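Quick look at what TrEMBL annotates:
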- 1-41: region 'Disordered' (REGION)
- 31-41: compositional bias 'Low complexity' (COMPBIAS)
- 60-85: transmembrane segment (TRANSMEM)
- 63-560: domain 'Major facilitator superfamily (MFS) profile' (DOMAIN)
- 105-125: transmembrane segment (TRANSMEM)
- 137-156: transmembrane segment (TRANSMEM)
- 162-183: transmembrane segment (TRANSMEM)
- 195-217: transmembrane segment (TRANSMEM)
- 223-245: transmembrane segment (TRANSMEM)
- 309-330: transmembrane segment (TRANSMEM)
- 345-369: transmembrane segment (TRANSMEM)
- 376-395: transmembrane segment (TRANSMEM)
- 470-493: transmembrane segment (TRANSMEM)
- 505-526: transmembrane segment (TRANSMEM)
- 538-554: transmembrane segment (TRANSMEM)
């Protein structure tokens, strides 16, 4: 889920035509200007990064940073709910705690509400951005995110909390489509991918900061309200910064606002490269106008385009079925299942997986062009499958070595079984002696406390386990395998998979499929663990990922080093 914005880096950095654009008489539209632009870009790209990065205008840096805050908000929302959920459960969800199935279901609704909102926002964001402009859509996204954060922080019931999550999701969805496009349409080709990378780094940074904020706010009254509400601050900061920036030059030129578009471009790009970009952008705008009306019809008729959609959408669905957002949304819950009884400790431990995810994402950006999309994805899928098998095995060991129940202290749901695992699965709490966590304990109603049996620890989601450290290692290995390949490659492939007139439509369809699958996975994870345990859940994900590896091996061609025309030739053959 985390690397969603990477698509626009590759997509739009590759947007420069591989051959001169042609007019209706099949004559070059801009001729020598395009060759000049390509030569300048190549020459500049060959310079050391410190040289050409230092030549960028301050306003372009401001645009990159302000737009990148959208990625930070995206990552923050992904990470913050995992830490807030245990405290929401103890505050707003007390009436659900007597029934484990209902409790897991409503927690899934709270998490997935934002994802469904983001799916709608991303589905609408492309068309709305084309009509109203990139800057306008980012400002609308900021307003939605800020309002949603306030609604969540002030929620007095489950309904208002879910409503706030949906509003935040709409803002996230709009930002996930608009922010990288805004940067890409404003930056010189020679540094376009580098600047869009800021979004990817901000996403993973937002996730890490979310876990830090979650831990800090556990010491503050109101806990989860602060966790969710503080996200309004960076949204407002981005909105203020956007007021000092121009609209996307490419969008202005495409709308016929030539004079305004030229002013915007020259304010962002220095030197003669601005003139070279103007020629290129006019040519691309003309090509887009010629093909926009036939894109959908071509997709439905041409078999090669249908296969491209099959691969593009399939990769995005596979990314989510690999279980990434069960980990990102539910890391503290997984750690509770692993035997960490304290919410605050679970949040502190969760910082390690978040950090590994951030570092792995950077590694993926460095490797995707060096190793190739296909090879990197297949190795990543193999690592994810192995990590899921390992996690399932360690959870199975934990369940097999769960402490025995010495006596049942009034939990009506506990009708059979003899261990902590049976007690938890039947909606009860397990009280374990502090001095001997692995010793025999009591199965108690969740309305009761362990005070009558002190000194003790209370477990409501998992059981004391000697394998907790193994499960943490499994999570780290999973993220280390996922982040470099399964995370970024689906987005990179979708950016270069489709012909020019189809690219926006195809990538948009794939992104929407990603969000919808994300919603299904995030909503079903807790009920799945209740039904089959942590071991069964991770083994199911391992089986899906293994099947996905075979599908990828058969279906996905290598596109490393190929021009966009060469990619199309693969599918025409």
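Placement of Cβ uses the backbone N, Cα and C atoms for every residue, glycine included.
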Item checked: Beyond the flanks of the transmembrane segment (60-85) by 6 or more, those residues with Cβ under 8 Å of it -> 1-2, 4-5, 107, 110-111, 114, 138, 141, 145, 165, 168-169, 171-172, 175-176, 178-180, 182-183, 186-187, 195, 198-211, 213-215, 223-224, 227-228, 231, 234-235, 237-238, 241-242, 244-245, 268-269, 325, 328-333, 347, 350, 354
Notebook entry, point to check: Between the transmembrane segment (309-330) and the transmembrane segment (470-493), do 3 or more CB pairs sit under 8 angstroms, pairs being 6 or more residues apart?
Noted result: yes
Margin query: Tell me whether the transmembrane segment (505-526) sits in contact with the transmembrane segment (105-125), defined here as at least 3 Cβ pairs under 8 Å among residues 6 or more apart in sequence.
Written below: yes
Notebook entry, point to check: Looking at 105-125, 162-183, 223-245, 345-369, 538-554, which one has the highest count of Cβ pairs under 8 angstroms to the transmembrane segment (195-217)?
Noted result: 345-369
Note to self: Give the nonlocal contacts of the transmembrane segment (162-183) in its own chain as ranges (CB under 8 Å, at least six residues past its ends).
What the structure shows: 4-5, 7-9, 12, 63-64, 67-68, 70-71, 73-74, 77, 81, 109-110, 113-126, 128-129, 134-135, 137-138, 140-145, 147-153, 155, 192, 195-196, 198-199, 228, 231, 235, 248, 508, 511, 515
Notebook entry, point to check: Mean pLDDT for the domain 'Major facilitator superfamily (MFS) profile' (63-560), as a whole number?
Noted result: 82
Checklist line | Close approaches to the transmembrane segment (223-245) from elsewhere in its chain (Cβ under 8 angstroms; 6 or more beyond its ends) | finding: 59, 62-63, 65-67, 69-70, 72-73, 76-77, 80-81, 83-85, 87-88, 91, 135, 138-139, 142-143, 145-146, 149-150, 152-155, 164, 168, 171, 213-214, 217
